Amino acid sequence: MLSTVLSSGCSDAAGLAGNLFAFVLFVSPIPTFRRIIRNQSTEQFSELPCIYALLNCLICLWYGMPFVTPGVILVATVNSIGAAFQLIYAIIFIIYADKSKKLRMSALLMAVFAFFGMVVFVSLRFLETHLRQMVVGYLSVFSLISMFASPLFIINLVIKTQSVEYMPFYLSLSTFLTSLSFSTYGVLKFDPFLYVSMFLQVPNGIGTILGIVQLATYYYYSCKYGEGSREPLLASYA
């Protein structure tokens, strides 16, 4: 009985920590979008990572809803905040992009919401509870892995330029802490009859590893070459 209470308390603490670190992760692109607003141009920034992040937040939000996966409401809360931030970033991008990027971003944004609407409709209308959780869970795994894989581009860029100016430290740190917290949350929520543990551990475990690689890369190149003097670009959105 005591071990159950302690496990529940630890899992809730890990989930709350994940929410906090995820919030830091969501606000870390603000300097880049302030630059876009100040320069009134999206420059060479790509819209795709923002779109991927928005889709990921929406799918994970749906996965965390009680009628899809009971007991992991913290997953829904953090991703609802993330979806709001990503939508704001997307709107800012559309406002300051040139005509071709504006049209492409608008089309992609509509495609994201159309796909998410289809996922919601199909999962509620045609899938029973267990199958619904499994299907949405697999979708969330794939979307999370693709989002966490984007830092590989940053690492490649850092190695080529021998500069960490394209790898903001707090973005790397919050990625690591968020992934570690939700990976722990998944472990402590383990239930052999549910897919909750697997769907939280796999992508966030990969995110934790990538976060460690990012931080190690940042430490090595910042010590060897310095941090650079120019304003950091948000490589996850570039």
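Cβ atoms here come from the backbone N, Cα and C positions, even for glycine.
Just so you know, TrEMBL annotations never went through curation; they're auto-generated.
Residues annotated as transmembrane segment in TrEMBL: 13-33 (among others).
Residues 32, 36, 72-77, 79-80, 82-83, 86-87, 89-90, 93, 97, 101, 104-105, 108-109, 112-113, 115-116, 119-120, 123, 133, 136-137, 139-140, 143-144, 146-147, 150, 199, 233-234, 236-238 of the same chain lie 6+ residues outside the transmembrane segment (45-65) yet bring a C-beta within less than 8 angstroms of a C-beta in it. The transmembrane segment feature in TrEMBL is assigned to 45-65 (among others).
The transmembrane segment feature in TrEMBL is assigned to 71-96 (among others).
Under the heading transmembrane segment, TrEMBL lists 108-127 (among others).
Per TrEMBL, transmembrane segment is recorded for 139-159 (among others).
The transmembrane segment annotation in TrEMBL covers 166-188 (among others).
Among the features that TrEMBL reports, transmembrane segment is placed at 194-221 (among others).
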Residues sitting near the transmembrane segment (108-127): Cβ under 8 Å, six or more positions beyond its termini, same chain? 47-48, 51, 54-55, 58-59, 62, 67-68, 90, 94, 135-136, 139
